[in-house]
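Engineer: Below: one structure in structure tokens.
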Amino acid sequence: MASTVERQLVVFDFDWSMADQDSDRWIFEVLAPDLRRKMKNLKKDIQWTDLVAQTLRELHGRGVTQEQIEGALRKMPFHPAMARGVTNLKAKSSPKTTFLCLSNANIVFITTILKAQGLETVFEEIVTNPAEWDPSGLLKLRRRVDPNGPQHQCKVGCSPNMCKGEELEAFLERHHLAFDRVIYVGDGSNDLCPVLRLRSQDMVLCRRHRALEKLIGSYEEEGRLKCQVRYWAGAWEVEEIFNQL
Ligand SMILES: [Mg+2]
Ligand SMILES: [Zn+2]
């Protein structure tokens with residue numbers, strides 16, 4: 001199969017897919033566990049991105065600094081085999097691999113973590129929620145899809161802040177690149193929408209024991225999934241698959 005693939009696109013979800021933790025939850029677990037508990041209690045009532053933005057304001061109100069948040073992100077679990085697998089795949093000239101990140105976290109968390117792992121140049125694009133530090137050290141986070149503007153049209157169940165399926169299709173159009181194969185690495189329920197849009201020559205690397213596995217299972221049984229499915233639990237298995245591409 002590898003001999004017929006000249007250009008491929010690897011799409012990564014970030015939390016629990018490329019990284020071995022959830023960045024939105026991790027910083028509060030490290031810096032203010034009571035706020036982590038509060039988020040868990042409010043999760044059903046407040047849209048997730050809004051809830052993280054609100055909790056970041058609360059954290060800032062307690063005097064937690066930008067340096068402390070960045071420090072927590074830099075030590076977030078990230079499997080060395082994932083860093084190695086991605087780096088080796090990117091270095092290969094055949095097939096040529098482009099990397100795209102589609103994440104419901106935010107640009108500051110992702111770029112801080114990638115930099116700490118020496119992976120800051122891996123992605124062609126990082127499509128996620130916008131965020132920036134204000135001069136006082138507050139991380140200001142917003143939804144990618146502005147709640148006051150037109151909303152995305154997704155019917156599969158993506159969160160209002162972003163439809164990963166629409167974002168994947170927009171990326172493919174934007175780049176005018178015909179990829180012989182798309183490989184999607186994901187674990188969460190919001191990864192289902194892009195996975196349903198993959199073709200028969202494409203592949204999902206689905207993490208075991210998380211929401212996507214259960215969702216994919218029923219679609220697969222009903223024959224509604226076009227792409228190939230490979231399962232993994234540890235990052236070393238993603239590296240193993242990457243080495244065979
Ligand atoms: Mg995830
Ligand atoms: Zn969607």
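Each residue, glycine too, has its Cβ placed from N, Cα and C.
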Engineer: Which of D187, D202 shares the Mg(2+) site with D13, D15 per TrEMBL?
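Structural biologist: Looking through D187, D202, the residue TrEMBL assigns to the Mg(2+) site is D187.
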Engineer: Quick one: which residues besides D13, D15, D187 have a Cβ within 8 Å of the Mg(2+) site's Cβ centroid, in sequence order?
Structural biologist: F14, W16, S17, M18, A19, D22, S103, G186, G188, D191, R207, R210
